[in-house]
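**Q** First the structure, which I've put down as structure tokens, then a few questions once you've had a look.
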Amino acid sequence: MTNSLYQKHIISIPELSRQELELIVETAGKIKKEPQPDLLKNKIVASCFFEASTRTRLSFETAIQRLGGSVIGFDTAGNTSLAQKGETLADSVQIITSYADAYVMRHPQEGAARLASEFSNGTPVINAGDGANQHPTQTLLDLYTIYETQGRLDNLNVAFVGDLKYGRTVHSLTQALAKFEGIKFFFIAPEVLAMPDYICEELDELGIEYQLVESMDDAIPELDILYMTRVQKERFDESEYAHIKSAYILSAENLQPARENLKVLHPLPRVDEIDTDVDATPHAYYFQQAENGVYARQALLALVLNETL
């Protein structure tokens, strides 16, 4: 298969084809089975996180080092020239990309990754999250996890639960799965946190089936994947938050009618939307999902920085 990802900016999921997504998933599986310690030998990757991150930053840096690459960068913008001296993001990107073979960036501003790609002098930019916009590498690890647990990416029933309005992970994953055949979505959220209209309109245009469901219990018996998200407390007053939160807590009891193959995923961190009693069920897969972030990011970096593998 031709590697069309070589030297490509990874900014958003809609810009990746089904074939490219499958190539990343396939490569992640190979690397998980057979580690490749030299694929980034003599490569330098800039890891620049302008806002806090634990799993994404550490899994990227682990991925780089396990492939034999070197990491430069920062985990907070507070001590950079950008913050201390008023340097523009464009200037910062131009300088840092001159030092590195790839530029991994998380930024609170929507569109920051695309801006970076315009000033990177051809150095590939990988979006590690830009505000509430896109988080493509989370989607890649989600796709790999779904494939690992289900053996396919076609013909799946997938539910998203919780904050579907602001949750960039569910937006990106919906757009990715929409590239495959026979997908049916269940969107389970309070009206104030419903899936954005533009996502539903995209699905309508593609003729993809989806249902707006009020209760998890109504959907669970049909599901292959149950993707939980955190309802963000800061968006509600106390009484409203307490009501909404209680309606979207998953317990082991909820999973009793589930299919044997159902897996529960979560981008983490969880607060209390998944009871700890779920952890001991065969359906829980969110910790393995987080671990898969390393393999998915290894695959992406290897493909972006190597014309052939």
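Here the Cβ of each residue, glycine as well, is placed from N, Cα and C on the backbone.
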**Q** Please identify which of R106, R114 is recorded by Swiss-Prot as part of the carbamoyl phosphate site containing R55, T56, H135, Q138, L268, P269.
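**A** Of R106, R114, R106 joins R55, T56, H135, Q138, L268, P269 in the carbamoyl phosphate site that Swiss-Prot records.
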**Q** Checking the spread of the carbamoyl phosphate site as listed (R55, T56, R106, H135, Q138, L268, P269): what is the longest Cα-Cα distance, in whole Å?
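**A** Farthest Cα pair among residues binding carbamoyl phosphate: 17 Å.
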**Q** Which of R55, H135 (the binding-site residues) has the most other Cβ atoms within 10 Å?
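**A** When each Cβ's neighbours within 10 Å are tallied, H135 tops the list.
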**Q** Check the Cα distances from R168 (L-aspartate binding site) to each of the binding-site residues R55, T56, R106, P269 and keep only the ones within 10 Å.
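**A** For R168 (L-aspartate binding site), the binding-site residues whose Cα atoms are within 10 Å come to none.
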**Q** So which other residues, same chain and not among R55, T56, R106, H135, Q138, L268, P269, have a Cβ within 8 Å of the centroid of the Cβ atoms at the carbamoyl phosphate site?
**A** S53, T54, G129, T169, P267, G293
**Q** Using the alpha carbons only, what distance in Å do you get between R55 (carbamoyl phosphate binding site) and R230 (L-aspartate binding site) once rounded?
**A** 16
